[in-house]
């Protein structure tokens, strides 16, 4: 069972709530995904007062845990301010911390991220940092107080999948007891399954579901892929080989 900061969840799929064609389609996708955690941007929630209230009512009606994020923040100060606002609005100490360093790739700023994480952890937040796949950055975030890490698979919204599976596999081996979530870049369910097969605890999906032709069907596909990938990891899959290895025994086989 998935566990973040002492809270346990049956689903290992986290779902973002942005970019859906309509609120009803979002609700259908969340239900189809079986996800028990959704991410919410404070900027989206706070747009128009009535629209924000309707959106928040929809999320509460779904009965899911809310993970607010600091999407769009480019400095530690901006991210920290947004985190405090999110805690007031959503009534949770959880925060998905994003400090963007590059506007083209939306790559996280590792220095600003660690700085903001340290301050927020000291202030009682339970931080989910969106990061690259660098082990040293991961070490610093853990030292800052983070008990979850969210390395990217590829740039946000790119749909490229796992750009560097070697780095992700190394991170899993290096931090066997830290919950790891692949966040960003997942495009199709097979990408999610691959992440789970590496031993990651969960994946976070947004664009791949929200922008699909049928978001609810795609959400269900991702739910199945995540489950399949986790089962495969727990089943201890065989190692890849360079040479063939016969699967059919030769004993009793006729030789002509």
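Every residue, even glycine, has its Cβ placed from backbone N, Cα and C.
Taken straight from Swiss-Prot:
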- 96: active site, schiff-base intermediate with DXP (ACT_SITE)
- 157, 184, 185, 206, 207: 1-deoxy-D-xylulose 5-phosphate binding site (BINDING)
Residue among the binding-site residues 206, 207 whose Cβ has the most other Cβ atoms within 10 Å: 206
Inter-residue Cα distance where the pair is residue 96 (active site, schiff-base intermediate with DXP) and residue 206 (1-deoxy-D-xylulose 5-phosphate binding site), in Å: 14
Among 157, 185 [binding-site residues], residue with fewest other Cβ within 10 Å: 157
DSSP state at residue 185 (1-deoxy-D-xylulose 5-phosphate binding site), helix/strand/coil: coil
Diameter of the 1-deoxy-D-xylulose 5-phosphate binding set by C-alpha atoms, the set being 157, 184, 185, 206, 207, in angstrom: 9
Pairwise Cα distance for residue 207 (1-deoxy-D-xylulose 5-phosphate binding site)/residue 96 (active site, schiff-base intermediate with DXP) [Å, integer]: 17
Whole-number Å value for how far residue 96 (active site, schiff-base intermediate with DXP) lies from residue 185 (1-deoxy-D-xylulose 5-phosphate binding site) (Cα to Cα): 16
Cα distance (Å, whole number) from residue 96 (active site, schiff-base intermediate with DXP) to residue 184 (1-deoxy-D-xylulose 5-phosphate binding site): 13
Residues flanking the 1-deoxy-D-xylulose 5-phosphate site, with Cβ no more than 8 Å from the Cβ centroid of 157, 184, 185, 206, 207 and excluding those residues themselves: 16, 154, 155, 156, 158, 159, 186, 205, 208
Between residue 96 (active site, schiff-base intermediate with DXP) and residue 157 (1-deoxy-D-xylulose 5-phosphate binding site), the C-alpha gap once rounded to whole angstrom: 17
